[in-house]
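The structure appears below as structure tokens.
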Amino acid sequence: MEVTREGRESGRGGSKRVAAIGVGDASINTQREGFGAKNKSDQWDEQLKTPAWKRFLAHVGPGFLVCLAYLDPANLETDLQAGANHKYELLWVILIGLIFALIIQSLAANLGVVTGRHLAELCKSEYPKFITYCLWVLAEVAVIAADIPEVIGTAFALNLLFHIPIWVGVLITGSSSLLLLGLQRYGVRKLELLISLLVFVMAACFFGELGYVKPPAGEVIKGLFVPKLKGRGATGDAIALLGALVMPHNLFLHSALVLSRRTPPSVKGINDACKFFLIESGFALFIALLINIAVISVSGRVCGASDISPDNAEKCNDLTLNSSSFLLKNVLGKSSSVIYAIALLASGQSSTITGTYAGQYVMQGFLNIKMKKWQRNLMTRTIAIFPSLVVSIIGGSSGAGRLIIIASMILSFELPFALVPLLKFSGSTTKMGPHKNSILIIIVSWLLGLMTIGINIYFLSTSFVDWLIKSNLHKVGRIIIGIIVFPLMAIYLISVVYLTLRKDTVITFTPASESTQIEMEKGVHRCHNDGENEVVPYREDLADIPFSE
């Protein structure tokens, strides 16, 4: 079978880019190694014979790292406001959003496992150069929009801890995440464990408060399973909740992180890896669901109480991350603001690390450029600081809180440009071969995806038209804005339709001969015509995150 090399020499030590080839039932990346196929095959066979729970633990990591993004300051902000404004009525948005997130995150993981490439690399190989550059710019905007809540959340945490102005805290955040990234030399597992423990401090606080205030179980269950959009701003809050949950940069991140695991190059090895990543993602997102439900329920119960004090009632009317520590006073007393601030700080910083990795993979995949993590973080953070700094100076904590909602809406706007390629690639025979999505998954994922995209487009367009009609701008100004914005909206719609209807032209899966398929079922590897052995390891160029193996 012919092997196609697509790698290019980059950096020291030669190329680490590897080829996409058709082997058995999957198109997997390959790289030459200097030992025999028999020994390597024995290693794979031995790995497949190990207990399933040990192989599962070897795959744990990517799903939990991605899950941190579902507990970032943007989620906390939108959860708190949804609970304060609508009590438990928008819990169904969280449930549907995280079910949808589980589906698309598992599709992203499967795409990486089967093809040996992550989403950004596949987009680059599939689309024309101009489209590729446009998708790269949109992906970078999504990473920056996701970083804005982390900047503001960290600034709020510093304000609560040290009583410094919000805008000063925004400036300090430019270097805080660099410090955490530098601490990785002591072991990324220890760092992630510390951050996760601090994040779960907040979860424990809200669960404790949940047990104290005891929200009506019937109303909570009704809010989870009975869709309702009542009251002023319910649609906007629902869109913000969804945008904070389903983030486009997470799809690029998950499809790349799974490549840091050694997957046996056989049908069983690939299927097991997909199953393990699905189980891990499901467990991680279930924890995220419980935490989000607790935050909304506590906010709804405290702010909806009949005996709430006037001071707290005023805070509930404009609830931000900076003013919500009073929700935990029943459990933590006077120390509530300090513990809340520490957990909020950890939430922002852990989410920043995931955003940094996502940005690194986006740049590497679309442009074949790899940056050091501190350089990538500095670039993204510098851009994200500018709007956060301006808004915090002009609007204070209230304006900064509203900027988080705007960033979530931007992520909703950006979602189709990562989601549509993922749905097309994961359901494509040319990309996935027999590992493509089943008909049921294709129907469900496309229905949820198109529903989400349709709701976002409808809300954004109607909100803009309503603002344009009711604004105090001069008639000429409104006409000029309309002339600029309406063509951009048309281009947006045309772009989404183009990505949806465009037929895939690049084949990354090559069917193998019957004998080769039988060999792959047994875990046997191919050899080149010159007799040199070919093995299928993990992606070393994406394995610089030192997960345990």
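Heads up, the Cβ atoms here are built off N, Cα and C, so glycines get one too.
For reference, TrEMBL has these:
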- 56-71: transmembrane segment (TRANSMEM)
- 91-109: transmembrane segment (TRANSMEM)
- 130-148: transmembrane segment (TRANSMEM)
- 160-181: transmembrane segment (TRANSMEM)
- 193-213: transmembrane segment (TRANSMEM)
- 233-253: transmembrane segment (TRANSMEM)
- 274-296: transmembrane segment (TRANSMEM)
- 338-358: transmembrane segment (TRANSMEM)
- 378-397: transmembrane segment (TRANSMEM)
- 403-425: transmembrane segment (TRANSMEM)
- 437-459: transmembrane segment (TRANSMEM)
- 479-501: transmembrane segment (TRANSMEM)
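Between the transmembrane segment (378-397) and the stretches 130-148, 274-296, 403-425, 479-501, it is 130-148 that has the most C-beta pairs under 8 angstroms.
Proximity of the transmembrane segment (56-71) to the transmembrane segment (403-425) is not established, fewer than 3 Cβ-Cβ distances being under 8 Å for residue pairs spaced 6 or more apart. For the transmembrane segment (403-425), the most Cβ-contacting stretch among 91-109, 130-148, 274-296, 338-358, 479-501 is 130-148 (pairs under 8 Å). Touching of the transmembrane segment (233-253) and the transmembrane segment (338-358) is concluded from the presence of at least three CB pairs under 8 A, sequence neighbours closer than 6 excluded. Long-range contacts of the transmembrane segment (274-296) within its own chain (CB-CB distance under 8 A, at least 6 residues past either end) are made by residues 55-56, 59-64, 66-67, 70-71, 75-76, 79-80, 82-83, 88, 90-91, 94-95, 98, 101-102, 105-106, 109-110, 113-114, 202-203, 206-207, 209-210, 220, 224, 254, 258, 435.
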